[in-house]
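Colleague: Input: one structure, supplied below.
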Amino acid sequence: MRPWGGPPGAGPRRAPAACRRIVGAERGRRENSSGRGVVNSQEHSKSPVKPLRALFEDDPTVHIVGATDVPVSGLVTDSRKVRPGDLFIALSGSHTDGHRFVEDAVSRGACAVMVERLPEVALSVPVVVAHNARKAMAAAAAAFFDHPVRRLVLVGITGTNGKTSTSLLVESILSHAGFRVGVIGTLGYRWGGVKEKADMTTPDAADLQRIFFRMVRDGVSHVVMEVSSHALELCRVDGVFYDVGVFTNLSQDHLDFHGSMEAYFAAKRRLFAEHMKGRPPRPRALVFNSDDPYGARLARDFQNAACTYAVDDPGASVRPRRWQLGAQGIEALVETPSGPVSVTSPLMGRLNLYNILAAIGAVQALGIPREAVESGIGAVTTVDGRLQRLDNDCGLEVIVDFAHTPDAMEKALECLRELTPGRLWVVFGCGGDRDRTKRPVMGSVAGRYGDVVVITSDNPRTERPEAIVREIEPGVQSTGKVRFSFQDPAIPRTGYTVEVDRRKAIESAIQWAEPGDLVFIGGKGHETYQIVGTDVRPFDDRVVAREALARRKGMARPGCAAGGRA
């Protein structure tokens, strides 16, 4: 692996005297004098310690106001987590502004602060002034942790849907090839015996570099990483360069943030244009789904480095020669530039066939043996919250899935519709404070594929759940579904209802479903919480569904539909 690096910059410039006046008489103080002890957790004590100026030697865009030699032992963006010796970085976000907490960070022992605008009060610690704090933080974090990505083989996966499943497939293949592998994504950050929950699909730059540092320290050689559009847009992966980049697909999502599909696509495209090792990237290092129109665009843009995969495109580099999809999984023979690969996977559906093809394409550029590819794919038996089947003795199929976009829901329901002998129940909602335009579209998808649709709450956040439901309803109604209530004397064979309480919605669907029916619970997947207002409450679709299945097994089920089976 060739390390990425550019020529050193001119280094940080010392700020003019007018700016330096904000630093008080105790300028350069190393430690908070409030009497608090240094809080050194085990991880904190294992981190490096570097002088402040060393973090910005390659960044001429910042000014350091005050002493440049204070020792820095950590980088933090949350003032509540500051420990003595940390550099506090004030980020301006959509909900709050880190500049409001600069004094709090100093009171907790921050040795210096990074800001985009000068504080109004004099501080007793050095101040780093940056034009773009996110970009400066990324560069500082990489320098602080000695550029750990230079000692790792990185696979970056981006796209609207399929990132998590593809990342787990690639992880399994690399593990079967004998490598020590780390994973960073929606389901968490893990390697070896370490497993940590994820606050975001892609962590901020300081946390990301810290994770890379710990992985290198623990002997990890390869990292598989989900790269979100937010991460690319907000500089979280600045200074991170990938050996292999994968694009799964693009469909409507995050338009509340990006504003348009073209802007959303432009953010994804940055992974391949700005974050690959080598200029240009080596052949087959960029893996694109050429059945997706945006993937086909990328393949044309980067044709010299592209490896395409597809089910329908006959010219794709990686494609199935023959395949069979069923309730027991996927059987396929896949053509690749390195020869055929035989696939046997318990994962279900065409969408997972695409994920498998993406994983095969990703490891092509790394020269992984065919045996490891085949055994690695077969070893992935389930993915948390992705078409996750809940075993039961009630004669029902109950599937929990993370689908929270129109395209993801359509692909999941299309797969399940073909595998369902009875009725398909669709229990879903849409998240609050997010793209409102997708709500009726998702309602239409649910109504077209589902026999019975139960509209409920997802993570309403600061919106009223009833208001979200009202925006979903027209989409369901457009498919001809008529509204009913679980309190009606008889439940129709097809139609839709509203139950804002997500627990009751799941319980009612499982209570009224008949043997042979499939209950699809969409939107939250692996999540173990529900966000109501600003409260984060414990809630897990899988736990609620299993409890409902246990109750159903232990009690007589109510009568069934008008005109249906008793």
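From the backbone N, Cα and C atoms, a Cβ is placed for every residue, glycine too.
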Colleague: Please pick, from Arg434, Arg493, Arg551, Arg552, the residue that TrEMBL records in the meso-2,6-diaminopimelate site together with Asp458, Asn459, Pro460, Arg461, Gly523, Glu527.
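Modeller: Matched candidate out of Arg434, Arg493, Arg551, Arg552, per TrEMBL for meso-2,6-diaminopimelate with Asp458, Asn459, Pro460, Arg461, Gly523, Glu527: Arg434.
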Colleague: Across all the protein chains here, work out how many other Cβ atoms are within 10 Å of the Cβ of Lys268 (N6-carboxylysine).
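Modeller: Taking every protein chain into account, the count is 24.
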Colleague: Neighbour count, 10 Å Cβ-Cβ cut-off, for Gly162 (ATP binding site): what number do you get?
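Modeller: Summing over all protein chains shown, Gly162 (ATP binding site) has 25 other Cβ atoms within 10 Å.
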Colleague: Could you say whether, by DSSP, Arg461 (meso-2,6-diaminopimelate binding site) belongs to a helix, a strand or a coil region?
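Modeller: Once the DSSP labels are grouped into three classes, Arg461 (meso-2,6-diaminopimelate binding site) ends up as strand.
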Colleague: About how far apart, in whole Å, are the alpha carbons (Cα) of Lys163 (ATP binding site) and Glu527 (meso-2,6-diaminopimelate binding site)?
Modeller: 16
Colleague: For Arg461 (meso-2,6-diaminopimelate binding site), which of these recorded positions sit within 10 Å, Cα to Cα: Gly159, Thr160, Asn161, Gly162, Ser165, Lys268?
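Modeller: So the list reads none.
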Colleague: Between Gly159 (ATP binding site) and Lys268 (N6-carboxylysine), how far is it from one CA atom to the other, in Å?
Modeller: 7
Colleague: Specify the secondary structure state of Thr160 (ATP binding site) as given by DSSP, simplified to three classes.
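Modeller: DSSP call for Thr160 (ATP binding site): coil, neither helix nor strand.
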